[in-house]
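Pulled from TrEMBL, these are the features on record:
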type	residues	note
TRANSMEM	12-33	transmembrane segment
TRANSMEM	39-60	transmembrane segment
TRANSMEM	81-98	transmembrane segment
TRANSMEM	110-131	transmembrane segment
TRANSMEM	151-171	transmembrane segment
TRANSMEM	183-201	transmembrane segment
TRANSMEM	231-255	transmembrane segment
TRANSMEM	267-287	transmembrane segment
TRANSMEM	299-318	transmembrane segment
TRANSMEM	324-349	transmembrane segment
TRANSMEM	370-394	transmembrane segment
TRANSMEM	400-424	transmembrane segment
Amino acid sequence: MGKKGLSVKQKLGFGIFDLGGNMFFTLMGFWTLNFLTDTVGLAAALAGAAFMAGKVWDAVTDPLMGYISDRTLSRWGRRRPYLLFGALPMALALWFFFTKPGFTGTGSLVIWATLALALLNTAATVINIPYSSLTPELTDDYHERTSLNGYRFGCAIFGTILGAAAVQPLVSRFPPAARGFSMMGLILGAVMLFTTLLTFFGTRERPHTKADLPTEGVFATYKIVFTNKPFVLLLLAYGFHIMALTFLQSILVYYTRYVYNREDLTTLAMIILLLTAMVFIPISVLVSKRIGKKRTYQICFVIIASACLIIFALGHILGPNFFLGFMVYAGIGVGFSYVAPFAMVPDAIDFEAARSGERKEGAYYGMWTFVSKLGTALSAFLSGIILSLGGYIAGVDQGAGAIMAIRFLIGPIPAIIFIGALVVMQFYSLDEKAYQEIQAKEHKDAQVKKNAKTMTNCKE
């Protein structure tokens with residue numbers, strides 16, 4: 001690691017993981033609640049509760065996985081072994097969840113859904129936390145990290161489009177719906193297996209010795225994490241961001257199906273949104289270099305929050321063509337949301353490393369994913385509750401209360417949360433100048449240690 005730039009091959013080798021990774025997160029975000037209500041047959045509130053329970057368990061495992069990967073020593077490094085050995089269990093767990101069980105009974109199905117989600121999300125944690133922790137292992141350059149994550153999220157957008165566009169065609173290709181979802185899980189699980197192994201073989205970590213590993217216990221490690229003010233602010237803003245985004249993802253299929261009576265619009269809306277985002281990811285990288293990562297991240301909150309409110313106010317009046325056209329505007333905001341937060345996390349990690357002299361990337365990314373998944377769990381649970389309160393019943397024409405619940409879930413609720421994230425980020429102060437000062441201190445400390453070691457050797 002150092003000032004030498006990474007090659008395109010190295011950046012693509014790193015980024016390709018998130019083609020499969022974001023395909024998975026898109027699939028789960030858009031389709032889990034709908035699969036559990038309309039195919040498995042659970043009531044919306046119970047489906048949301050099962051989703052939340054599985055996610056809470058998943059969130060608990062994230063910090064533990066970060067702690068473990070920080071303390072791993074192997075011939076392949078600290079992070080990459082988990083990609084090698086976790087790829088196949090991840091693929092199988094995805095297929096298992098989307099295979100409807102052969103038994104019936106509400107209680108049994110709720111237990112199955114909770115356990116299947118816990119298994120799937122644990123398998124995802126085993127590969128995702130070590131992968132996320134690779135970024136600061138590969139480069140310590142402020143702008144190179146933005147470029148590296150630009151490649152990552154360029155691949156992520158392709159994965160997101162795949163996760164959005166492939167589900168309905170695959171489910172329709174293998175009727176009935178229960179069989180279609182099972183085959184979809186098998187095929188997309190194989191894609192995840194392939195992209196995870198590509199990143200294992202396409203990256204190399206810098207070497208570590210036992211002396212490089214953190215020495216604190218679990219609780220002491222995370223106590224240090226929460227004394228890092230820039231990270232805590234970024235973490236809180238990202239938690240709001242993911243919570244709001246999950247409301248939008250989980251409700252989109254309900255909005256097109258029941259507000260417009262056009263389920264076929266779901267995939268088209270997703271593709272328009274994500275193609276626009278893909279165009280604006282590299283633009284966001286350029287903007288970030290001009291105005292900074294913080295302001296770039298804040299732009300996404302303004303755009304998406306305003307899009308939510310406009311769709312709430314006008315979408316049901318102006319019809320599906322307006323809705324589809326407005327996906328372009330929302331896609332600009334989504335494009336600006338991808339790179340900036342993930343480019344800021346390594347900077348915040350270095351902020352703490354300059355103080356303590358130890359690197360705990362896994363702990364930070366474990367907590368990052370922990371908060372993300374708590375936000376996902378809470379929004380999925382609340383979505384189910386709000387749908388039930390509105391009188392939603394799967395598979396029938398919805399009444400005015402259910403339609404209003406759906407509109408609120410795509411409009412004011414996520415908009416308010418995005419505005420909260422915007423306000424939190426206003427207090428974030430770790431810009432490029434501050435980061436350069438941190439690097440200067442780290443280099444100075446390293447030189448002092450080197451000189452001290454040289455003097456000791458001379459005396460001997």
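The backbone N, Cα and C atoms fix where each Cβ goes, and this holds for glycine too.
Just so it is clear, the model here is predicted, and its values are computed rather than measured.
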The transmembrane segment (39-60) and the transmembrane segment (231-255) contact flag, 3+ Cβ pairs under 8 angstroms: no
Any contact, the transmembrane segment (324-349) to the transmembrane segment (110-131), with at least 3 Cβ pairs under 8 A: no
Seg_contact(the transmembrane segment (183-201), the transmembrane segment (12-33)) with at least 3 CB pairs under 8 angstroms, min sep 6: yes
Stretch with greatest number of CB pairs under 8 Å, the transmembrane segment (151-171) reference, 12-33, 110-131, 370-394 candidates: 12-33
Same-chain residues at least 6 beyond the ends of the transmembrane segment (110-131) whose Cβ lies under 8 Å from its Cβ atoms: 17-18, 21, 24, 32, 36, 40, 42, 46-47, 49-51, 53-55, 57-58, 61-62, 65-66, 69, 78-83, 86-87, 89-90, 92-94, 96-97, 101, 103, 196, 199, 362, 365-366, 369, 373
Within-chain partners of the transmembrane segment (12-33) [C-beta distance under 8 Å, separation at least 6 from its ends]: 44, 47-48, 51, 83, 94, 117, 124, 128, 131, 134-135, 138, 148, 151-160, 162-164, 166-167, 188, 191-196, 198-199, 201-203, 245-246, 249-250, 252-253, 266, 270, 376, 380, 383-384
